[in-house]
Every structure is written in structure tokens, then in C-alpha cells.
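Per Swiss-Prot, the features are:
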type	residues	note
BINDING	10-17, 57-61, 119-122	GTP 1 binding site
BINDING	181-188, 229-233, 294-297	GTP 2 binding site
DOMAIN	4-167	domain 'EngA-type G 1'
DOMAIN	175-351	domain 'EngA-type G 2'
DOMAIN	352-436	domain 'KH-like'
Amino acid sequence: MSKPVIAIVGRPNVGKSTIFNRIAGERISIVEDTPGVTRDRIYTASEWLGHEFSLIDTGGIEISDAPFMEQIKQQAEIAIDEADVIIFLVSAREGVTDADERVAQILYRAEKPILLGVNKADNPEQRQDIFDFYSLGFGDPIPVSGAHGQGVGDLLDAAVAKFPTDLEEEDDDSIKFSLIGRPNVGKSSLVNAMLKEDRVIVSQIEGTTRDAIDTKFMAENNQEFTMIDTAGIRKRGKVYENTEKYAVMRALRAIDRSDVVLVVLNAEEGIREQDKKVAGYAHEAGRGIIIVVNKWDTLEKDNHTMKEFEDHIRNQFQYLDYAPIIFVSAKTGVRLQNLPAMIELVSENQNRRIQSALLNDVLMEATTVTPTPAINGKRLRIYYMTQVAVQPPTFVVFVNDINLLHFSYQRFLKNQLRKTFDFTGTPIHLIPRQRK
């Protein structure tokens, strides 16, 4: 099911990022800290009392060279386009300003629920003195303090109560995938080329609230796929469409809904920082990943070119050592016919379940070949392992002391699982648990 989206909007210096971080809390790093992954806190998954949602800080979207009010206007429009619930943030310290009133004018046309949060209400007097904000026309102001956390729960209670009840259920059997990558890597031409590869387009599904178009098609083996619409592929250019952070935000939304993510690189331009950033998000979200090098036809090649390019990718994306790499050309169609089977394989590996008996056979063999380490005379003992989840495959390993299970030995155990059960294209998570 698509998760609801909350966007925080307001003029500069009202504390949007403080509220964003307060709501997001530690969930920004919920999966793991991955070396080589650059985080951008503009967009994160969060949860309140069992309700999962995505959170956008529009203040993190900076439109370069745009006038002050034009930036605010565009940030508000992003919220109107993307969000299910909008938090309009103002400041108790400054009271109602001209800039607040201009933001309000833009938000009046939004056919979305809007909550008025009065930030920096850090003491009882400020929490009481919020009546002027009724003049903005968004109902009861909700006093909050991003610095101290007061009132944030009330704001989230109000937001959750406004979540739409008709978000599209995504429980069909099709494999959902998206193509992500910075502008000019050829996502659009790759989409069009894939849909021309002797497959039948089943339907184009209009998104309920967000202009997205998902395309279903059938592969030759009758496996159904859903191509998730991604930033900039079909949506025509508004001013902010080309800003890097906005593109990243849209890519994250696509990742959120995908089973498998195709990270598209441009063979002509090589690997850029934004490539690594977005790929890192897909990795940390636990999605299946395929690295697709497009425009392969444009390079002059010899017998070593592909191997050298692959080695360069492995060096730059060390945390994606499990992701297969395919070199394609949307223009000539080379190797595009291999993509559906590769997507299907990665999806199967994402959903692979291993019986506990087989896992413990692997564990026994692994600890025999490479005995467990000892720290300060105390040796790690591993009792057993069991799988607790899929998408991605997640395993709990029970030990005598979790402090003895060093990262390097965890990596060794993961490698043994991959060696035995493949898991091509999917991250695997290992959770140590201390047996009492």
C-alpha cells in the first residue's frame, strides 16, 4: 500500500528542519549506517502510533538563483503536488508576518488537509498567545516546540487523523520496479525501449492523487510487471523539476513503492555523486537492485572495456557488491531483452525463504572452516540462525554475547549465505540476538 505523505511548508527560519528532525527521530538511520552512502534528510520514512508515512521537508529544496518569495512559492507548490497532508509552520516568536500570509495565499488553493503548526512556542505564555494565527484561515493553531518536543505529538495526531482512507492497495502479483538516476542518464528512452520489446502493455494506472502513471506489461513468460513512474520521466517540466533535491525526493517515492530498483548510469559520463546518493537510498531501503549502464553503444570498446567499467562500478559502489550489472543501449536495444528475467530473478531472491535446518547446516560448516573469534579470552558462541522476514531476507542469529559478534564476522556469515543460496540482487540483513 502507498504510504501517506506529510509535507512541512513555511517561510525560512520558522524551524521546518527542526520539526522534521524531531518527527523523523532515529528513523533516518533505521536500517544501518552504510559506508559510502550520502544521506540527504529532505525525505524520510517515519511512523506515529503504528501509522507509517513519508515526511518531506520542503525547506531543504533550494531552487538556485530564484528570488526569495519565488523559492517559498515553489516549495509550497511542491507540497501541494506531493503531499496528502500539509503542515503549515509559522513562528510564535515573530507572530504573523507578510511572508506567512503569502504562503497562506498559495496554500488556499490546495485541495489537501492543512494543519497550522505554531513552532517556537517554548513556554506557557507563548503557547497561550497564538490567537493571531487564526487570521491565516486554517482553523485551530497547534502550538509546538521543535526544540523541546512539546506539542509534536498533538500535531502528529491531527495529521494522522487527516490521512486519506483510499490510498491505492498494491497487492497484485506483478513485480514492481522503477528506474532511478540523475537527469540525462536516459531513463525516459530506456522506459520507452523496454515497453517496445515485444511485450503487451496491460494498462496505465492513473495515480489517485499524484499524477503518477504506472505501466503494466507482460513478459514473454507471462510474468506481469508494473513499471513505477519516476521523477522526470513523464511529468512535464516545472521550474523545480530539475533541482537535484527534488529529483531525489521523487526517486525516493518510487523506491518506496518498488520491489526492484534499476539504478541507471550513463556510460558516457561515468559515475557521479548523485548516482551514489540515490543508489544508497535504494540499498538502505532494502530493495532489490540492478545496476543498468545505459548508452553503451556510444563508447569505443575493446575486449577489456566492459571488465574495466565493471571494476570501476564495484569500486565506487562497494556496498552494492550483490547487485548485478548489465550494459545496455536504449537506442540499439542491446541486452534489453535480458532485463525482465533479471528483474524477476532479483524479485525471487528478495522473497526467498530458507528453512532453519538448512541455515544451521551453513552455520555449522562456516564456524568449522572459520572458527568464531574470542575477545579478552571470551569466545563467541553461535547457537542457531533463523529467517524472520523477506524483502529483504532478514536473519536472526542467536549468540552468547552480541558484543563478541564483530562486524567482520557478520560479513563473513553473510558471504556464506550468499555463497550457498545466491541472493543475487538483494541485500540481506543479519540481526544478532543474545540468548538469555
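Note: Cβ is positioned from N, Cα and C throughout, glycine not excepted.
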Checklist outcome for this item: Here the binding-site residues are GLY10, ASN13, LYS16, THR58, ALA121, and the Cα closest to that of ASN184 (GTP 2 binding site) is found at THR58
Item to check | Cβ contacts of ALA121 (GTP 1 binding site) (under 8 Å, same chain, 6 or more positions away) | outcome: ALA92, ARG127, ILE130, PRO143, VAL144, SER145, GLN150, GLY151
Checklist outcome for this item: Nearest by Cα to THR58 (GTP 1 binding site), of the binding-site residues GLY181, LYS187, TRP296, is GLY181
Checklist entry - Cα-Cα separation of LYS187 (GTP 2 binding site) and LYS16 (GTP 1 binding site), in Å? => result 33
Checklist outcome for this item: Here the Cα-Cα span from GLY10 (GTP 1 binding site) to GLY181 (GTP 2 binding site), rounded to a whole number of angstrom, reaches 29
Checklist entry - For LYS187 (GTP 2 binding site), what is the secondary structure state per DSSP, taken as helix, strand or coil? => result helix
Next on the checklist: I'm trying to understand the geometry here, so how far is the Cα atom of TRP296 (GTP 2 binding site) from the Cα atom of LYS16 (GTP 1 binding site), in Å to the nearest whole number?
Outcome noted: 43
Checklist entry - Can you tell me how the residues of the domain 'KH-like' (352-436) break down into helix, strand and coil by DSSP? => result 32 helix, 24 strand, 29 coil
Checklist entry - Quick one: Cα separation, GLY181 (GTP 2 binding site) versus ASN13 (GTP 1 binding site), in Å? => result 32
Checklist outcome for this item: The sparsest Cβ environment within 10 Å, among the binding-site residues GLY10, LYS16, ASN184, TRP296, is found at ASN184
Checklist outcome for this item: Top of the binding-site residues ASN13, THR58 by count of other CB atoms within 10 A is THR58
Checklist outcome for this item: Here the 10 Å Cβ neighbour count for LYS187 (GTP 2 binding site) comes out at 25
